[in-house]
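Colleague: According to Swiss-Prot, the record shows the following:
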- 1-43: region 'Disordered' (REGION)
- Lys5: N6,N6-dimethyllysine (MOD_RES)
- Lys10: N6,N6,N6-trimethyllysine (MOD_RES)
- Lys10: N6-acetyllysine (MOD_RES)
- Ser11: phosphoserine (MOD_RES)
- Lys15: N6-acetyllysine (MOD_RES)
- Lys24: N6-acetyllysine (MOD_RES)
- Lys28: N6,N6-dimethyllysine (MOD_RES)
- Lys28: N6-methyllysine (MOD_RES)
- Ser29: phosphoserine (MOD_RES)
- Lys37: N6,N6-dimethyllysine (MOD_RES)
- Lys37: N6,N6,N6-trimethyllysine (MOD_RES)
- Lys80: N6-methyllysine (MOD_RES)
Amino acid sequence: MARTKQTARKSTGGKAPRKQLATKAARKSAPASGGVKKPHRYRPGTVALREIRRYQKSTELLIRRAPFQRLVREIAQDFKTDLRFQSSAVMALQEACEAYLVGLFEDTNLCAIHAKRVTIMPKDIQLARRIRGERA
């Protein structure tokens with residue numbers, strides 16, 4: 001079929017087709033041209049709740065062994081030089097430390113909730129320790 005020149009005709013009052021905004025047109029054409037898909041992100045708090053459930057289920061130690069052992073040796077240097085530790089002694093210290101910290105954070109969370117907050121703050125830790133009688 002041969003192309004013919006179109007002539008202008010008078011409108012009959014129907015709605016005129018809208019012009020698309022430049023941004024909308026660009027947005028539609030970008031993925032078609034092999035655009036990079038942005039990575040999936042979870043809503044704030046979702047990953048935190050998943051981690052809470054995961055760590056509450058688990059029983060493994062959460063502090064790495066080597067850094068904890070270095071800390072123990074550094075503290076022990078103040079009392080006596082050239083101290084030697086059995087590996088089971090360091091493990092027992094680590095178990096006790098982690099149990100203490102977990103309990104302290106539980107009490108700290110209760111202090112934050114009591115203050116009608118969900119974020120723990122240093123003042124919550126101080127209050128928890130004061131109530132426990134560890135610090136005046």
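Each Cβ is built from the backbone N, Cα and C atoms, and glycine gets one as well.
Mind running through what each feature is packed against?
Modeller: Taking all protein chains in view, 4 other C-beta atoms sit within 10 angstroms of the C-beta of Lys5 (N6,N6-dimethyllysine).
For the recorded site, Lys37 (N6,N6-dimethyllysine), the DSSP three-state label reads coil.
Under the DSSP three-state reduction, Lys80 (N6-methyllysine) is assigned to coil, being neither helix nor strand. The local packing around Lys80 (N6-methyllysine), expressed as other Cβ atoms within 10 Å of its Cβ over all shown chains, amounts to 7.
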Colleague: Would you mind reading off the Cα separation of Lys5 (N6,N6-dimethyllysine) from Lys37 (N6,N6-dimethyllysine), to the nearest angstrom?
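Modeller: About 43 Å separates the two Cα atoms.
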